[in-house]
Amino acid sequence: MHASACIVPIGNSDRALAGCIPRSPGREQHRRRARRTEHDETQAETTGPTVSERSAPDTDSITVPGPDSLGAVAEAEAADRAIDQHVVAARPDHGARNTRVIWLLLAATFTVFLNETIMSVAIPELVDDLGVTLSAAQWLTTAFMLTMAVVIPITGFLLQRFPTRPIFGAAMTLFSAGTLLAALAPGFEVLLGGRIIQATGTAIMMPLLMTTLMTVVAPADRGRFMGRVSIVMSVAPAIGPAISGLILNTLGWRYMFWLVLPIAVAMLVIGLRRVENISETRVFPIDVFSVVLSAFGFGGLVYGLSLVGEVASGRAPGDAVPMWIALAVGALGITAFIVRQVILQRGDRALLDLRTFRSRNFAVSIGLMAVMMAALFGTIILLPIYLQDVLGLEPLATGLLVLPGGLVMGLLGPTVGRLYDRVGPTPLLVPASIGVSAVLWSLTLVTQNTPPWMILAAHVVLSISLAFMFTPLFTTALGSVEPHLYSHGSAIVGTLQQVAGAAGTALFITVMTATAAGATAAGTEAIAAQAAGVRNAFLVGAIVSLFAIIGATLVRRPADMPSGAPAAH
């Protein structure tokens, strides 16, 4: 076990900071004597006589602490008062330092997540500029998504094996190197390699941010800080396509990387100076077989799900691995991966420790989060199709129409976090889940004559409801596991985002395409058939959302969160 830097939680940090203050050997000796005395007395009261006492003759005498013991207790109390005074004087410096670290990680994570969605708008231009097919160009987003799905499960091991600062440096170095390679790419193959390297760094950042936040922020303040994470998760993907479109119209696709590169390098340089090592590391070997199973399992599942919609619409590339083979490989790989982790975690050597699921609160929160992620990603992919193919809007108008919802979702994060710290998860989750369900049910009524402003209003309400879901769910899920499992919990949350997003997209697109194809075969006009497909897709989402309402009532406060409300165990 390596010694770590003394990190004091932001917020109620008196006890944590006390552990950072040097103590004299004499004072420590008195403390130990006093604690032994108290421990012996407690043991006598709660467990009965010791072995030596049971062998001694019975007496009616009562033992009282001697002068030495009383003196030790008095000195320990005096030392505690001195420590408390030192805590009050030192607390602001540590709080400010930890806050700076959190903001730095937020800025770095925002930068890498912004790049995740920035490529989608550029696909048509890349087809012309690089002379590749549309299915080949689509691999620039597919490969990014697959790399994320493969790397994120490994971050639980990485964050326990290596200190925080080197992990941050490696992540931002990989992202910066991939960005530079993509900007200089002479052809498609090099550009694809740059995107894969970018994705490797991106996959590490979100678990690193969440693990650091859970470690340095006191339980009573976690909602407020976790609310800022929602800015990264919501605003970055929302403004990514808009920024990409602006750059493409004025500078060209290479500047999507050139403009990001100096920001990434600046984050790297500042982070290497400011980021503290916040966790104790453990020296244990990586299980290579688990890495292989993870790659085939999560990679195969996400890839197979990404093909579902393509196959349903008849747009799957001819050279693609058959969808059912990819899904079967993914399912078998994940099953073997789970069995392997259960075996390894007995010796505390799991690549991804699944003991997090022993917390019912974590399991319920994760399940509810999966439903919400599927609804979010399904809606994100379906609304632009409806707005352009059914209502006939231009891509720019479509982007501007869905932009307010993403901005509102992110900007509400800090407010929702503060409310969470006050009232806990249930008063926020129940009405929010009802709001999500209500919007999805309302979208089952859309036609080719629905005014765009109604879609805008529905999307904003959906985004507000999701904002009131995500921050409480993230905070509750991670707050419900043991501190030494924070990194594994963060990795599970990140993996869930990729799988649930792919599943939601596949579900919505498949239902829409199948319904539209059936309606067209029955003689329905193409636009009306497409509208019918959109309605049925939202109907499936609305039905699934009813289970989310039930799940929202089952989420409880983490046990370490101060409140009078019932806590999870």
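Heads up, the Cβ atoms here are built off N, Cα and C, so glycines get one too.
Caution: TrEMBL annotation is automatic and unverified by curators.
As written in TrEMBL, here are the features:
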type	residues	note
COMPBIAS	44-62	compositional bias 'Polar residues'
DOMAIN	101-560	domain 'Major facilitator superfamily (MFS) profile'
REGION	17-69	region 'Disordered'
TRANSMEM	101-124	transmembrane segment
TRANSMEM	136-159	transmembrane segment
TRANSMEM	166-184	transmembrane segment
TRANSMEM	196-217	transmembrane segment
TRANSMEM	255-272	transmembrane segment
TRANSMEM	284-303	transmembrane segment
TRANSMEM	323-343	transmembrane segment
TRANSMEM	364-387	transmembrane segment
TRANSMEM	399-416	transmembrane segment
TRANSMEM	428-447	transmembrane segment
TRANSMEM	453-478	transmembrane segment
TRANSMEM	499-522	transmembrane segment
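The transmembrane segment (399-416) and the transmembrane segment (499-522) are not in contact, since fewer than 3 Cβ pairs between them lie under 8 Å (pairs 6 or more apart in sequence). Just going by CB pairs under 8 A, the stretch in 101-124, 136-159, 196-217, 428-447, 453-478 that sits most against the transmembrane segment (166-184) is 196-217.
With respect to Cβ pairs under 8 Å, the transmembrane segment (101-124) is most closely packed against 196-217, considering the stretches 136-159, 196-217, 284-303.
Ranked by number of Cβ pairs under 8 Å to the transmembrane segment (453-478), the listed stretches 196-217, 284-303, 323-343, 364-387, 499-522 are led by 364-387. Between the transmembrane segment (136-159) and the transmembrane segment (284-303) there are 3 or more Cβ pairs closer than 8 Å, counting only residues 6 or more apart in sequence, so the two stretches are in contact. Counting Cβ pairs under 8 Å that are 6 or more residues apart, the transmembrane segment (323-343) and the transmembrane segment (284-303) reach 3 or more and are in contact. Residues 237, 357, 393, 395, 397-398, 401-402, 429, 433, 436, 440, 446, 452, 455, 459, 462, 466, 469-470, 473-474, 476-477, 480, 492-493, 496-497, 499-505, 507-509, 512, 530-531, 534, 537-538, 541, 544-545, 547-548, 551-552, 554-555 of the same chain lie 6+ residues outside the transmembrane segment (364-387) yet bring a C-beta within less than 8 angstroms of a C-beta in it.
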